[in-house]
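Engineer: As annotated in TrEMBL:
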type	residues	note
COMPBIAS	1-25	compositional bias 'Polar residues'
COMPBIAS	363-375	compositional bias 'Polar residues'
DOMAIN	119-239	domain 'VTT'
REGION	1-32	region 'Disordered'
REGION	293-318	region 'Disordered'
REGION	353-395	region 'Disordered'
TRANSMEM	45-64	transmembrane segment
TRANSMEM	98-117	transmembrane segment
TRANSMEM	137-166	transmembrane segment
TRANSMEM	187-205	transmembrane segment
TRANSMEM	217-237	transmembrane segment
TRANSMEM	258-278	transmembrane segment
Amino acid sequence: MSSPTPTDRTSLLSNNSNASDQSYGATGPSRPSSRRLLWNASLKMGAIFLVSTILLGGTLWLALPTLEEQDRPMLKIPKSFVELQALNTLLKKYRDIYPYRIVICYVITYFFLQAFSLPGSMYLSILGGAVWGVPRALPLACACVATGATLCYLISAALGPALLTMPKWKAKLDVWADKLRAHKDDIISFLIVLRIAPFPPHWVVNVVCPHVGIGIVPFWISTFLGIFGVTVIHTTIGNSLDDMTSADDFHLISWKNFLMLSAVVVGVMIPVGLRYYFKREIATVADTEREAEAVADEEDGDRILAEGPPAMNPKGKTAPLIVISDDEGSELYSDEESDEDVILEAGPALIIKHDGEQPPQAHPQSQPRQQAQPETQREDQPLVQYEREEDELLL
């Protein structure tokens, strides 16, 4: 049915609109533009960053002990080797006096850097090894990285859909979704390798994962395990920070560190290889059992080549099948009872007369209806009685 021609009374109707989509007296709701969505997401992101900065400053102001005047310039996020050594000296000075306050400030600062993918996390890991040693700093730093990356994950899950309105970002996300879908069975191992590899950057993994179907629990576990090898290197460097004179003494790129990370990758890939091997073995065993069952069915004799349509009763429902076992069939059709007559139900009596005789007439309403013959008869009473020897037969 064609749409009506616009007039002065139907000016809100378009010529190309369908009858079901027409809205009389009001226009339909318009979808917000991509630019507007990005602007709203940017404002929300700015508000979250501002609140987080206030929270970080308030925590440091409340948790940190009262610093001496000459120590206050040292309290800042390290971005160079000199600032790292100065902060190490400051924390060691107050570590024994206020141990829990120092830990709280360290954790909150680490969360802030990871949540917004800011530089400085490596220096904090080195600083943790210098202040608490490798045994305590290693699990603490890994937990801080995983939890901070999870905060970035949640921020991306809340504000990231605005980026998907742009075709360029949507195409890149589809590529990553296809790669992760190909490694669905070993997704944790794949994410661990991504954390160890230099590409892509960690912040890309944090932003992309919530939009490609990665749960928050596998994300946290893979981040903790994936950052473990690198954190071992950082905390080990921090353990000898007091003996270093410059950043060249870090030796981040060395054969020792390369072999350590390679060992972590091999350890991660071992479960993947075992899963692949056992998966093939299970598939082989299943195929063998299926073939054995097929051979056993052929040896039994009957073989179903095709099935016809199910039997239907008059009401349109599928009639149930009656299955008779061999024992029941042998009881129903035994040779001993095959020669005997089986009486299922006795019928009405039949009287045969001569052609000249007329049967007695009776009014259909006055004569009562003949009662049915009783179901049981005596054994000595014959079923066939002869009233006349000539031709009258009463059944």
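Along the chain as shown, the residues are counted starting at 1.
A Cβ is built for glycine as well, from the same backbone N, Cα and C atoms used for every other residue.
Model, not experiment: these values are computed from the prediction.
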Engineer: What parts of the chain pack near the transmembrane segment (45-64), using Cβ distances under 8 Å and only residues at least 6 beyond its ends?
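Structural biologist: Contacts of the transmembrane segment (45-64) (Cβ under 8 Å, skipping residues fewer than 6 from its ends): 75, 101, 104-105, 108-109, 112, 115-116, 155, 159.
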Engineer: Quickly jot the same-chain residues contacting the transmembrane segment (98-117) by Cβ under 8 Å, restricted to those at least six beyond its ends, or write none.
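Structural biologist: For the transmembrane segment (98-117), the sequence-distant neighbours (Cβ-Cβ under 8 Å, at least 6 residues beyond its ends) are 49, 52-53, 55-56, 59-60, 63-65, 77, 91, 124, 127-128, 131, 140-141, 144-145, 147-149, 151-152, 155, 202-203, 206.
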Engineer: Going by DSSP assignments with H, G and I as helix and E and B as strand, what are the residue counts for the domain 'VTT' (119-239)?
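Structural biologist: So the counts come to 103 helix, 0 strand, 18 coil.
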Engineer: Mean pLDDT across the domain 'VTT' (119-239), rounded to an integer, is what?
Structural biologist: 88
